[in-house]
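Copied from TrEMBL, the annotated features are:
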DOMAIN    3-171  domain 'PNPLA'
MOTIF     7-12  motif 'GXGXXG'
MOTIF     36-40  motif 'GXSXG'
ACT_SITE  Ser38  active site, nucleophile
ACT_SITE  Asp158  active site, proton acceptor
Amino acid sequence: MNLSFAGCGFLGIYHVGVAMCFKKYAPHLSLNKISGASAGAIAACCLLCDLPLEETMNGVLYIARAARKHALGPFSPYFDVQHILAKVLRQKILPDDAHIRVNGKLHISLTRVYDGKNVIVSQFNSKEDLLQALLASSFVPLFSGLLPPRFHGIRYMDGGFSDNLPMFDEDTITVCPFSGESDICPRDTSLQLFHINVSNTSVELSKQNMYRLMQVFFPPKTEILSNICRQGCDDALKFLHRRNLLK
C-alpha cells in the first residue's frame, strides 16, 4: 500500500491523526512507500520511522504555541519557523537512524528554485541529510525566510509549489486536510459543485476550505488543532471501513 500526504502547513496535524488511525486500527497493512510535500513529508517520515505519534503531535503544538505568542504570528520578524522546526525535528522527533528507516520508502517532494521543476528524493546519507530535505520541502519564501536552503548543493523550496500530492500510481491513497477529492479528507456537509486543482491537489471551493487555508499559515488555538488531529483519525477510520481494511 502506498500513501501520499499533501503539504498543508500547520494543518499537518491532520496527517498525524491519520497516521495514528493506521497504526491503531490497521497495523496489519504494509506501507511500502509514502510520499509527501512540506508538512506531509514530515508526517510521512514520522509514520515510516514508527515513532510515538503523540510526540509528533506535541511537536506541532509546540511550534504553533510559539507562533501564537507574536502579534503577527509566524510572520513576525521575531519568529524563525525554519529554526524552530529544525530544532524540534533534530532534538525531539527524528531518531539517529531515521535516514536508515526511511531510505527508499520516503519520497519527499521538492521544488527546484532555479527552474521551478519538481524533484522527488528518496535516498538520504544521514539523519542530517534527511533533515535538510524535510526543511527544504517546507520552505515557503517570505514565510520561512528569504533565502531557500540547499540540499546536495542545490537550492529548493516547498514541494507544494510543483507537486503538493505526489502519487506513485493510480492506487496511491491520497490524504489532504482540505475537503475535496482525496481518498482521506474532510467531507463538508454543504453541497459544492466546483473543484479546483492546485498543484496536483483537488479541493472544493468552499467557505470551510478558505478558513482552513488561513489555518495553514496562522495556527489556531491548541484545542482547535487537537480537534483537527482527531478529525484526521476519524476520516481515516471511515476510509478503512469503506475499503474493508480494518483488522
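Each Cβ is built from the backbone N, Cα and C atoms, and glycine gets one as well.
Keep in mind that TrEMBL annotations are predicted by a computer and have not been checked by a curator.
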Review point. For the motif 'GXGXXG' (7-12), what's the model's average pLDDT?
Key: 96
Point to revise | Spatial separation of Ser38 (active site, nucleophile) from Asp158 (active site, proton acceptor) - C-alpha basis, Å | key: 6
Exercise for review: Enumerate same-chain residues with a sequence separation of six or more from the residue listed as 'active site, nucleophile' and a Cβ-Cβ distance below 8 A; give 'none' if the list is empty.
Suggested key: Gly7, Cys8, Gly9, Gly12, Ser109, Ser137, Ser138, Val140, Asp158, Gly159, Gly160, Asn164
Check your understanding: Taking DSSP three-state, what's Ser38 (active site, nucleophile) in: helix, strand or coil?
Key -> coil
**Study point:** Residue counts (helix, strand, coil, in that order) that DSSP gives for the motif 'GXGXXG' (7-12)
**Key:** 4 helix, 0 strand, 2 coil
